[in-house]
Amino acid sequence: MRTGLTAMRWHSSGQLVKAGNLFCLVFVVITFNFIYSRFYLVDLPPDNEEEHRQIIAMDTTLDFGARPDVTARASWMAPIIWENMFDPHYYDQIHIHLHSSVALTVFAVGRYLDAYIKTFLTSAEKHFMLGLPVTYYVFTDTPEKVPNIELGPLRKLKVIEVEKHSRWQDISMMRMRTISDIIESEIRHSFRYVFCFDVDQEFKGRFGTEALGESVALLHAHYYKLPKYRFTYDKNPKSKAFMETGDFYYHAAIFGGFWENVKNLTDVCYQRIMEDKMNKVEALWHDESHLNKYFWLNKPHRLLSPEYCWDMSLPAKDIRISRLIWARKDYHTLRERH
């Protein structure tokens, strides 16, 4: 009889343990949804509620335990996207269902056009947001030299002429205003997402819908493993980009998100760049310094791991796939000096 009672007690205890585990799992999911909604989804337009519910549902499927070798979540709960954490088919199907669309901006000015634009566009056609409507906005000072690229279904190319600044630093910084202007005049009426790229890069693997988010920043390949004191923030108190510390060091080669958020980022960065100019100050790493300051004050909702912009000269122990790589650069030739 005692043996039977003991067995019953153990069986009941096992049920309690299982029930407790299930309760903990449900609690974690509910807590994640609450935190995500509380901090990331405030003041949303009613017509976008379904879209945001789907985005939350997608990110609850991320398998953070699949990459114990890396940091997979920021301190404010934003996911850092790594290979093996997501189901690409699931993300693609949800974004197709949501009719997600992407505008990609890229600047190819001066010698950068001849050196990089063809490789950038042809590789993007093989790997970037396949299955979604995508329009490439190419900004250049020589529109007639942009090569004809064979585009797939739902893909378009628009070439826009821009002024060629005398210094490459000004080209880099002034793109913020140009991006803001094209978002206001055109992109906002046709696209949900905007992604902004440097041209001296080549797509090598899937760069897909898992990268889409409300506000997206990229971890810099050279700094993601370093301690914060090594980050090259602007330390000049006279600059609007001044930072004593931060969360990560972000790479300005890629940033994106909802068009509203990208426009706000570019507006703020441009305003701070112009204030620095008025005060005869230039941030250490130009627009990248201002971008880091912006993301320090306005936490990105999604972070891309360095596999989304990798330097092949670095050791790649934790990089299981290189989705986009840095192109080889000859700055002496590319950057015309005056």
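Easy rule for this one: first residue shown is 1, then count along the chain.
Glycine too: its Cβ is placed from the backbone N, Cα and C atoms.
As annotated by TrEMBL, active site, nucleophile applies to E288. Summarising the annotation, TrEMBL assigns UDP-N-acetyl-alpha-D-galactosamine binding site to F107, A108, V109, Y112, D198, V199, D200. The Mn(2+) binding site annotation in TrEMBL covers D198, D200. The feature transmembrane segment is assigned by TrEMBL to 21-41.
Set side by side, the recorded positions D198, D200, E288 differ in how many other CB atoms lie within 10 angstroms of their CB, and the most is found at E288.
Those residues of the chain, other than F107, A108, V109, Y112, D198, V199, D200, with a C-beta within 8 angstroms of the mean position of the UDP-N-acetyl-alpha-D-galactosamine site C-beta atoms are V106, L113, Y116, I117, F120. If you take the Cα of V109 (UDP-N-acetyl-alpha-D-galactosamine binding site) and the Cα of E288 (active site, nucleophile), they are about 18 angstrom apart, rounded to a whole number. Counting every protein chain shown, 25 other Cβ atoms lie within 10 Å of the Cβ of F107 (UDP-N-acetyl-alpha-D-galactosamine binding site). Cα spacing between Y112 (UDP-N-acetyl-alpha-D-galactosamine binding site) and E288 (active site, nucleophile): 19 Å, rounded to the nearest whole number.
Remark: V199 (UDP-N-acetyl-alpha-D-galactosamine binding site) has V106, F107, A108, Y112, L113, Y116, I117, F120 as non-local neighbours, by Cβ distance under 8 Å and separation of at least 6 in sequence. With the fewest other C-beta atoms within 10 Å around its C-beta, V109 stands out among the binding-site residues A108, V109.
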